[in-house]
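Residues annotated as motif 'Histidine box-1' in Swiss-Prot: 187-191. Swiss-Prot lists 214-218 with the feature motif 'Histidine box-2', giving similarity to another entry as the kind of evidence. Per Swiss-Prot, the feature site 'Essential for catalytic activity' maps to 96, 121, 122, 187, 191, 215, 218, 219. The transmembrane segment feature in Swiss-Prot is assigned to 48-68, 75-95, 162-182.
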């Protein structure tokens, strides 16, 4: 597998006997091993179903969009592509922030299925580079199924005249879906430092997708900033605004829950 960085930028001191028995970060960390073991056959089956259905719908909808394309749509389509990428980046940050900061692996259904990978990722950041295409993209494919199905339904039921009027909007939605579907693949590439295709490196270097150096900022413990992982365009402005910190302060004031408490619990496991 292609190489990746070994772990977060800051690591706490360990006692000699503790350091000898386990690594603070990485695949040998006790919490990382326990979390990885929670990946079940049922979860794998769900991911396979979502990936197959998602990419079938993407192919179906793309074919219809290409058939409906007109030169006069170009300006609005280009605007929609940029807007779709921006919204996908924000939504990736919102989901990433929510899963990193709140909830627990012990929660019914969503804990092991969706929060678990976020906990594993912080104590073993390179685990994602060892995941295959299905495990990497299965959950994102699940999230984009509903808008893909809605788009496919429109193509099957609406008249050509109505579809032509809706075309710029549908291109925006499709771009949002594509960026959303591939967010975790882009995230995986941001942790991969050797063997990436030249076109991926080009897109990273020109900041079309999340660059590798840019994403390192998030992986400095306690993982409280730079949550947007699709393009990363919104990380700096949101950080300057204190957006995530303000949201955390509001939620903590209302609920009494401490941000990233479960994340730190898993990070501190030593056996």
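Every residue, even glycine, has its Cβ placed from backbone N, Cα and C.
Computed from a predicted structure; not experimentally measured.
Distribution of Swiss-Prot features across the structure.
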residue : record                                  : DSSP class
96      : site 'Essential for catalytic activity' : helix
121     : site 'Essential for catalytic activity' : helix
187     : site 'Essential for catalytic activity' : helix
215     : site 'Essential for catalytic activity' : helix
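Within 10 Å of the C-beta atom of residue 218 (site 'Essential for catalytic activity') sit 25 other C-beta atoms, taking all shown protein chains into account. Only 187, 191, from the recorded sites 96, 121, 122, 187, 191, place their Cα within 10 Å of the Cα belonging to residue 215 (site 'Essential for catalytic activity'). Note on the recorded sites 122, 191: the fewest other CB atoms within 10 A surround the CB of 191. Within the same chain, residues at least six positions away from residue 187 (site 'Essential for catalytic activity') with a Cβ under 8 Å of its Cβ are 128, 210, 215, 229. The 10 Å shell around the Cβ of residue 96 (site 'Essential for catalytic activity') contains 23 further Cβ atoms across the protein chains shown. When the Cα atoms are compared, residue 218 (site 'Essential for catalytic activity') and residue 96 (site 'Essential for catalytic activity') turn out to be 11 Å apart. Among the recorded sites 96, 121, 122, 191, the residue whose Cα lies closest in space to that of residue 219 (site 'Essential for catalytic activity') is 122. Residues 167-169, 171-180, 183, 227-235, 238, 244 of the same chain, all 6+ positions outside the transmembrane segment (75-95), place their C-beta atoms under 8 angstroms from a C-beta of that stretch.
The Cβ of residue 121 (site 'Essential for catalytic activity') lies under 8 Å from the Cβ of 127, 128, each of these being in the same chain and 6 or more residues away along the sequence. Counting other Cβ atoms within 10 Å of each Cβ, the lowest count among the recorded sites 215, 219 belongs to 219.
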